[in-house]
Amino acid sequence: MSMRLSIRTLIILAHVCLFITTTTIAQFVLDTVGEPVEGDEEYFIRPVITNKGGRSTMVSRNESCPLHVGLELTGLGRGLVVKFTPFAPHHDFDDVRVNRDLRITFQASSSCVQSTEWRLGEKDTKSGRRLIITGTDSATNGSYGNFFRIVETPLEGMYNIQWCPTEVCPSCKFECGTVDMLNENGKILLALDGGPLPLVFQKE
């Protein structure tokens, strides 16, 4: 009887361990080769569907500052790499997790002489959508404008980026939104309040 109980207990424990391991792996954001995205590495962000545009980059919308976050027009463009900085890193702080607030920063200098962090900008009067720009948010959105999060899609390895910094401020009520494209005057800008844009992360 004790032998049967022991075997049954071992089987249950094995299933529990498998569940925990699978859940833990699912918490990590994966790059295009299935490896966890790490905060100290550089990555290109690009759409899953290549005819939607190329890699992410900084775009001059109207020859003025700040620069906007956008996409290269085609997959042939070099684009700019980014680094991810989690708001609340875990003990394994180098790994980026889904549904957690983080900062996204282009690893490049800006002609505007300012931070190259992604930031939630003002609502565009023509499209009614909130644009993603670069710079440090000191007041516009309660200092929460620099925090985004990577969320899963039904397809493994494909993600959306959202602005919804509820980890930074759990008691705040935000008008959350998902990043999508906005085509304007031959340029591709990134903005909220459209359909979700599936993205992947390609290590440099």
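Residue 1 is the first one shown; counting continues down the chain.
Any Cβ shown, glycine's included, is placed from N, Cα and C.
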| note | Among the candidates Cys65, Cys112, Cys176, the one bonded to Cys164 through a disulphide according to Swiss-Prot is Cys176
| Of the candidates Cys112, Cys169, which does Swiss-Prot name as forming a disulfide with Cys172? | Cys169
| said: Give me the CA-CA distance between Cys164 (disulfide bond) and Cys65 (disulfide bond), in Å, as a whole number. | reply: 25
| Chain-internal residues, separated by at least six, CB under 8 A from Cys176 (disulfide bond) | Gln162, Trp163, Cys164, Thr166
| task | Round to a whole number and give the Cα-to-Cα distance in Å for the pair Cys169 (disulfide bond) and Cys65 (disulfide bond). | result | 28
| Cβ neighbour count within 10 Å of Cys169 (disulfide bond) | 14
